[in-house]
Each structure stands twice: as structure tokens, then as C-alpha cells.
């Protein structure tokens, strides 16, 4: 099967910059913002977003990671997963605006897990969702607040997000 | 009924026809009976003298859920045996004339094999005082072998007295050599593996030290000693040394100690739990050597049936013992015949004439001789089978060989001139009982 | 991983993975909400044929923190003590729909028999069998050592080069056996120390050195000294003359502790016989990991239950 490029490095960079501005705009500034990436690539994206956000409004945005493995509803259907890390910034999440970050939004089940995980950690004021790619086919009533690219797909296709920090290259392909 | 066996190969390698009439071997069938005679084509089969097991647990009376004289006799017959010595650890214990006579009578009534009860050395197997050895010896059961098997006669003075006392009656003490203090709670052979598995060890020295003591005692009092189920290389060495010194000692090894090793305990599958325990490779090899060079005189099964629940549990809670009558000949075949260490005349010796001699059982001293009782088994050495519960005929299914490929198969067994096994299957109990009553293989049907 | 019966069955990667998951589980213990929904709907049975409140409670807390339903099936006061067999009990638990059975049994190999029997289709966790193994104790010991050595940088690490002296009744100790296999799998070097009467007659094939001399072992400066409990019944069975002599020869007293390198840690699986195998000074010192071991027990047992019950039973590729 041949892979088709959907986003190149520059596209990804532009999308993240735009999302950063949208976040600041919807939050009316950087106050109380906590960016939480969902492992693995969501964490990388969250880190990049926080760099951009802190460049726009220096030193105000905190970043962390939120592992959802223990909250998944498909654990019994798959081989045992090694859980990822959860790191919550020192200020916690109570009363904060938490932006969850993931690479691809698909069925919505990962985000459902993330919302459950989040509620065990504290009580944010609001929770937003930012994704690099929304490929549709939702199975739950969940939508993203900030989207890098809407990408209509068929369920037989695979979306691959590669990021330089992990994969050595920035690209999104469809195969 | 008379039987003509055509073309059997005898243990010495020669082939000839065998004729049986009125329970005995004859040089030819008399004309009057030849019309009613039965012919058995023994081409390709080996004729062995009827096998004799000096060490069988028939469990009756008292433990009929494990085995009875009838079921144990059937297990023996399908294994090619025509005589078994029934161990004394029944309930009540075989320590009085009445109990041994009862067991012997059961055997006679069922007729599959000759059942010779073994008498307890000490009353109730309690190791305190001698049982009524004289009464048992002079009873209709003619007890000649005395053993507390399952327990060691570990009190040295009591053992000395027993050795001395049985000489009066031409008997022998068959010792279960196990120092009880050295084997407190013991579960398997002591060594690296027992340590790894966390199972309390049964050290070889617990057997060897008792044998060493007993051979010296036997020599001192001039008595005959038999050592049950020798399981270690060191024991073979001690017996070899004793025989060289002229001690009147005989020894047995079980089929399982000739084939299986302690490695099987790794699975914690209690089918492999037995007393004495399975030992190391080097012990198995030494025991085969000792059997081949005559240090160990005989093979005896230590057939020890147990109900399923006695084995369906954790290793430490399981009963000791394995059934062995049905598989004994095949296991001996696999362990020492296939390797060339024993030939079939050796097998005839270690599984028939010698155990009969030790147990003072007459009729087995010259196999196939004209005029001697017709006890024999026809064995197909070319057969091979995956041993399974379908091959068992006793009540116990605690065989360590289930699922294992074993060579050979018993096709026919003839006890006192009548068939107990025919075409590889047991003759039914009523027929056998009738033939037994008819005595010396009288006509039937 | 379907069952946890022996640490000998664990590969290095599997062992490190369990320790790493336990790190995550330890984080959960520090949160306000100490519960994860991971094993919701699963039933874990604690089947204890021997009394051990400490281990049972540890497993119970672990299972509950993962939202599993927990059934405690103890020998005391149940049909188990009235001679009901392992088989009948197992079949009863199977009928109740147990997904995992945590078994403590006096007979070595009982968990293995349960796993192989076909009586019950559940993950089996060995919580101590006879004098065989106690795998979760060894895992929590390894976790404790790793945490002391590497702190928050523990994840992904093994125990390469760590020297461990295990001291006492090696012969009867399931803790010693499980630690022997696990610690050596993780790269540690193990020395067994004790009187000859309490050492196996043969340690052929064991990845350990053996010495009878505790002073020599102490002076070698091990990173870890793990003291084993001396059971009361050993005192009367001629394994050693009396408690006083044992303590003099193989007890970790204040003087021996003082000779250890500053960073050496002192471990004990508990419960301790203070003044016998370990002095109060040693047990309560900065070196002692005894309380950490208890706390880490829950994290390790959570990790093990997660590992056994969360997936389809196969390792993820």
C-alpha cells in the first residue's frame, strides 16, 4: 500500500502555531492554562505547543502528560499494554483550564478515558481538546476544540503521525 | 482343556512348540484330548515363564477403594504375571494367620494369579514387637516373606531379632530401607532439584545406611535378607560389597527406578511421587548396571494403587506410590532390554525364577520343563503403544507412564495351565474362576 | 503472562516491565483518588490456606485500588480447613467466576498444580507456597532496592552490579528462592549466608555464591543485606544450638551493621524477630527498608494483577 503525504513539516508547524493562538484567544490569555499531552505523541505535541505559547506569553503555561491506559475500555480485548507516564505540573489542575492534546482524534474513546483519568486527579475549571488530525468516525459524543487538520478518511485507512523527537521526521501520512 | 503353542521363541533364543495339559507342560498332547485342544500361534512372540512379583500392594482387606485382590490380580495377569506377593500393609494388617489365609483364599478363588501374602514383621507394622511369624508361616498361606513395607524396621535390635527369628521357618525379611529420622517429611530425592522446588529432601544416605546396617546384621546372625526397592547408586555399591563378603542378601529394583528420574518432579505432578523417590540419572544408570551384573537380583513392581483423590492434590499432600503391574514388562524392556544390558533369559530370571526362589514359591525353578506347572506369558516385543489408562486393569490410574511410548505388549498369559489373558485381553472373571476351581487347568465349556 | 508462579519464569524484560508498572501504581497511591478503574468487573479471589494477614491485606488493597471485586477465601472457618481438597475449592471458585486466584498454600507447588490442573481457568498468583517461592515478595524487594539506588530515575533500570547477601534460613525460605532467581535475572550478584544446617545440601545450578561466615559477607561490603526470619520451629529441631548462639553467629547486630558501607541497605521481609536475626538498631536505622517494603508491596501486587488481568494474556508485540 502506498503512503500519501497529508501534512509536511511546515504544515505541522503552522497548524501548531495557529492552535496556540486559538487557545490563547478562547482562554482570553495564558492564565491558568495547563497543557496535558496524551502519550506518546500527544506529549510531544503538548511540549511544542507550550513552547509556542510561552513564546507568545512568556513563562505562564505549564505542561504535563496524562496517561490513559488504566482507564481504557478495551484492555481485555488487547494484549497487555505497558502504561505511559502521567506528570502533572506542580500547580495541579484544580480550577485550571486543561487542554488535552493528542495526535489523532478517531473514535473518541481515548479522550473518554482521558476525561475519566482527569477527574481522578482533580477538578479543572474547563477542559479543552486539541488534536493535530481529526479523521472522523466518532463513536462517542466528543469533539475537538482545536484541530490542526480535518481529514476525511475511510475506516480501512491508517493515519500515521511522525514527529521528529520520536520518529526523526515531521509528517502525517495516510495509507 | 489342553493348549498347543506353536512356534514360540523361548528366552534362550530357541523356538519350539509348547504343549500344556492338565495344568502342566507335557512333551506332546495325548490323543484323547487333542480334539479339544486350543492352538495358539506364537509366531513372533517371546514365551517367558509366568512373571512373579515379589512386591505388590493388593490393598484388600481394608483399602478396597484403591484395589482388591481381584482387581490387582487382573492388573497382574494383563502384565504377564502369574504370581504376586501381597504386601502386608492392609487393614487389618497381615500380621496373623487368619488375615493371610483370607488374602490367599481370595487369590485362589479369583484365579488370575497365585497370591502369596507377605506377613508383617512387627505387629500392626508398629515396629514395636514381632508379629506371629510362626503362625503365618505354618498357616495355609505358607508365608515365607515378611516385611513391614511402607515402614522401615528401623530399631536395630528388633531387626536383628526378626532376621534371627524368621530363619526358623525358612523365611526372609524384606526390608523397606528408610531411616525415618533422616526422611522426616521427605517429598523427593534430596539434591539441587529438591532445593529448587522447595520439597523436603529424601537423602540417599537414609536408604544406604539402613542397608549397610542390615547386611552386617544379616551376616552376624547368619540370616537371609531381602532389600526392597533399591533406589540409589550407593545402595547398589553397599549390596555389591555385601555379596562379595558372602552375606546372604538379595535385592530388588522397581521398573520405575530403572526408567524415570527426579526431573519429573518439576511439574509437581504427584503421579511421580513415590517412596523411595525417583532419583538422579546416575542412579538409574547404576541400578541398570547392578541388575545386569547380578548385584540386584530381581525386578519387583511395588504396584501401589491409590484412589484418584489421593493424587489429585498438591505434591506434599499426595500419597506415595505408582501402579506398575500392567506396565512392568514393557518398562523393563525399554530400560534394560532395548539397551542390550539384559537379554530375555535375564528377564526370565529377574522377573520369574529368582523372585520365586527368594519367596520360596515352587514351580518356577525350571521354566517350560516337562511336568512343571504351566505358567507363562507370550509377549510381542515388536509392539509399541502410547501407554494410557486403557492399558490399566486395576483400580488405580496413578501410572507414571500415561502418555509415554512403551515397547511390547502381553498377548497371552497362562496361569496353571489355563488362560487368564488371551489375544491381549483379560479372560472374563467367571471363566477364570471356574478354571481355577477345576484345578490344574481342567476342562471347561 | 498468564500466571505468576515463580520468579524463575520471568525474563529480564518482563521483570523490569513489572517494576516499571509498579512505579506508576506507586504514583496512584500518592493521589487524592487512590483508585483506578482498570480491573472493573474482574473478580480476584484471595485463597489462603495459611494465615498471612499481611500478604492477604496487601493483595486485597492492590486489587481494590484497581477496582476489582475481591473475595477472601481463608482456610480458617471455611470448608478448606475441614479437609476440602484444593480441587474442590478450585472448582467452586471457577463456578463463582474468579478471574484471578491469589493462592497461599503450605505445600510447595500447589499454585502450579492449580494452574496446570484444568480445574479452573483463571490467572494464578503464587502468594507463597510451602518452602518453594514467594514471587511478589521478591519483586517488591527488587523494587525497593531499585528505588533506594535510583530514586525517581528508576524506570527502565535493572540491578546490574548490585551485590546482595541473603542471610539466614535459606533452606526453608521461599523468599530466598524467589529473590535468588529474580535478583540474578536482573543482574545482581547474590551471596547466600547461613549455618550449614540451614543451607541446601546442594546449590548446584543456583546463581549464587555461598558462605557460612556472616562476618566475611559483611566485610565484603554488600549493597544489600537481606535478613530472613528464623521460624520458631527451627529452634527445636537441632538446626542450631539455641537462639543466643544463632544470634551471635548469624544475627545482624549493631556492631556488624556499623561495619557495613554507609550506603548499604538492610532488608527484612517481616515479621522480624528483633534481637534474634536482626537487632533493633539495625531494623530501625536509616539503612532499613522494612517500611518501604511494606508500602511497595501494594504497588507491586497492583502491577502483577494488572499484568495478569488486563490483557488477552499475550504480551504486546
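Cβ atoms are placed via backbone N, Cα and C, with glycine included.
As the structure is a computational prediction, the values presented were derived from the model and not from experiment.
Residues annotated as active site in TrEMBL: B:302. Annotated Zn(2+) 1 binding site per TrEMBL: B:55, B:57, B:149, B:302, in sequence order. Summarising the annotation, TrEMBL assigns substrate binding site to B:57, B:58, B:59, B:89, B:275, B:306. Taken from TrEMBL, the feature Zn(2+) 2 binding site covers B:149, B:176, B:229. The domain 'Dihydroorotase catalytic' annotation in TrEMBL covers B:46-233.
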Neighbouring CB atoms within 10 angstroms of the CB of residue B:176 (Zn(2+) 2 binding site), all protein chains considered, total 25
Rounded to the nearest angstrom, how far is the Cα of residue B:176 (Zn(2+) 2 binding site) from the Cα of residue B:57 (Zn(2+) 1 binding site)? 14
Set of same-chain residues at least 6 away whose C-beta sits under 8 angstroms from residue B:149 (Zn(2+) 1 binding site): B:55, B:87, B:88, B:89, B:118, B:174, B:176, B:228
Give the number of CB atoms, excluding that of residue B:89 (substrate binding site) itself, located within 10 Å of its CB. 21
My understanding is the cutoff is Cβ-Cβ under 8 Å with a sequence separation of 6 or more in the same chain; which residues meet that for residue B:275 (substrate binding site)? B:150, B:178, B:202, B:320, B:321
List the other residues in this chain whose Cβ sits within 8 Å of the Cβ centroid of the Zn(2+) 1 site residues B:55, B:57, B:149, B:302, in sequence order. B:56, B:87, B:150, B:228, B:229, B:300, B:301, B:303, B:304
Run through the Cβ atoms and count how many others sit within 10 Å of the one on residue B:306 (substrate binding site). 26
Can you list the residues of the same chain, besides B:149, B:176, B:229, whose Cβ falls within 8 Å of the Zn(2+) 2 site's Cβ centroid? B:55, B:87, B:147, B:150, B:174, B:175, B:177, B:178, B:228, B:275, B:276, B:302
For residue B:59 (substrate binding site), what residues in its own chain, 6 or more apart in sequence, show a Cβ-Cβ distance under 8 Å? B:66, B:67, B:68, B:72, B:90, B:305
Kindly assign residue B:58 (substrate binding site) to one of the three DSSP-derived states: helix, strand or coil. coil
Summarise the model's confidence over the domain 'Dihydroorotase catalytic' (B:46-233) as a mean pLDDT value. 97
Least buried of the recorded positions B:55, B:57, B:58, B:229, B:302, going by other Cβ atoms within 10 Å? B:229
What Cα-Cα separation, expressed in whole Å, is found between residue B:58 (substrate binding site) and the residue listed as 'active site'? 10
Could you measure between residue B:302 (active site) and residue B:229 (Zn(2+) 2 binding site) for me? Cα positions, answer in whole angstrom. 7
